[in-house]
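Annotated features in Swiss-Prot:
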DOMAIN    39-370  domain 'USP'
REGION    148-169  region 'Disordered'
BINDING   Cys187, Cys190, Cys234, Cys237  Zn(2+) binding site
ACT_SITE  His318  active site, proton acceptor
Amino acid sequence: MEILMTVSKFASFCTMGANASALEKEIGSEQFPVNEHYFGLVNFGNTCYCNSVLQALYFCRPFREKILAYRSQPRRKENLLTCLADLFHSIANQKRKVGVIPPKKFITRLRKENELFDNYMQQDAHEFLNYLLNTIADLLQEERKQDKQNGKLANGTLDSQNNNSTPPSTTWVHEIFQGTLTNETRCLTCETISSKDEDFLDLSVDVEQNTSITHCLRGFSNTETLCSEYKYYCEECRSKQEAHKRMRVKKLPMILALHLKRFKYMEQLQRYTKLSYRVVFPLELRLFNTSGDATNPERLYDLVAVVVHCGSGPNRGHYIAIVKSHDFWLLFDDDIVEKIDAQAIEEFYGLTSEISKNSESGYILFYQSRD
C-alpha cells in the first residue's frame, strides 16, 4: 500500500512539473513578470476552500505587500499570521517561477486554532475568509497592545507619537478591506432621520437570476418600509411609527470583497441548496451608490480575483480561484495553475437554468480601487 501511495505521489508531482513547465512556456520568458511567482497549493484533504482564498489574497497586492513586510519584522510566537507570512514569503522567494508548494504549516495551525476547520470536510470559503481577516486583525491589535506595554515598561512612558496615531482598533487589515455602511431610518411622521454607522470587511449581497453585481449592490441599498409589527420606535415622537429604512455606503474600501449569497435554506428540502443564478461581474466596477456625506462618493474598481464554487451545494463541490496578474489571468485549482483568456471569466457567471444544478459560479469577488 505504501509503495502504491509513493508511486501515486511521484506521478502526481511529475504531472505538476509538466503543468508548471507548460505554464512557463505559455507565458514566455520575455513576458513573464519580474519578481512574480505562480505556485499551486497542495490539497490536504478538502482544503480547496482555503487554497482558493489564499491565492486570491496573494494577488491582492496591498495585502500581499503588508504580509511580506510583516514577515521581515523580528520573529514572534507562531500563530496563524506568522504561518501565512511564512507561506507568502516562501512563494515570493522561490528560485523557480512556477511550481507547487504544500501549505502544511498553515493548514496545521488553522486546524489547531479553530475546530470548525479541524476536519477533512468541505468548508465554506467565505467563512474562512472572514475568520482569517478577523484573526489577523485581532493578532495585530494584540501585538500593538503588547508593544505599547513593553514600551511603557522600558521607557517609563508611552511613545507620544504612537499614542496619537491611528485608533487602537485600526490595523492594516482595516486600511485595506474595511468600508463603512450607514443605516438610515426616517420617521414618516416627524421626518427625523437617525443614522448608525457599521463597518465591514466584506459585503454579502443577495443574488437574483440573470442580473449583474451592480444590480445586486443596488438592491442591497433599496429602501424598506417598516410598518405593522415592524414599526420603528422614534425618539422624537416617543412612540412606534412607520418609517423608511435603507443602507448606504459611507466609506468605500481600498479592496472591496463581495460575497454572493449563493447558498439558501430551502424549507421543502430541509437543507441548503445552491443558487447557480447567472450574475455578471464586470472587470471594471464604478460605485456611485453612496450616502450624502460619503468620504469618496465615486470610486473605480478593477476585478483582481474571484473565488469560484464548483458544484451544487455548500458541503460538497470544489473551490478554485481566478486571479489577475499584471496583464493576464490565471486559474488556480489547488496544485494546478493555468493561464486563461479574460473572456473565459464569463464561464463563471453562473447558469440561466436550474438553481441547484452543478455550476462553476463566482462566489467571492475581489475588486481593487484604482486610487
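Even glycines carry a Cβ here, placed using N, Cα and C.
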At the Cα level, what's the spacing in Å between His318 (active site, proton acceptor) and Cys187 (Zn(2+) binding site), rounded? 47
Neighbours of the Zn(2+) site Cys187, Cys190, Cys234, Cys237: Cβ within 8 Å of the Cβ centroid, same chain, sequence order. Leu188, Thr189, Glu191, Thr192, Glu235, Glu236, Ser239, Gln241, Ala243
Once near-sequence residues are set aside, which residues in the chain of Cys234 (Zn(2+) binding site), 6 or more away, have Cβ atoms under 8 Å from its Cβ? Cys187, Thr189, Cys190, Thr192, Lys240, Gln241, Ala243
So if I draw a 10 Å sphere around the Cβ of Cys237 (Zn(2+) binding site), how many other Cβ atoms end up inside it? 13
Packing count at Cys187 (Zn(2+) binding site) (other Cβ atoms within 10 Å of its Cβ): 22
Stretch-averaged pLDDT - the domain 'USP' (39-370): 89
Among all the protein chains here, how many other CB atoms are within 10 A of the CB of His318 (active site, proton acceptor)? 17
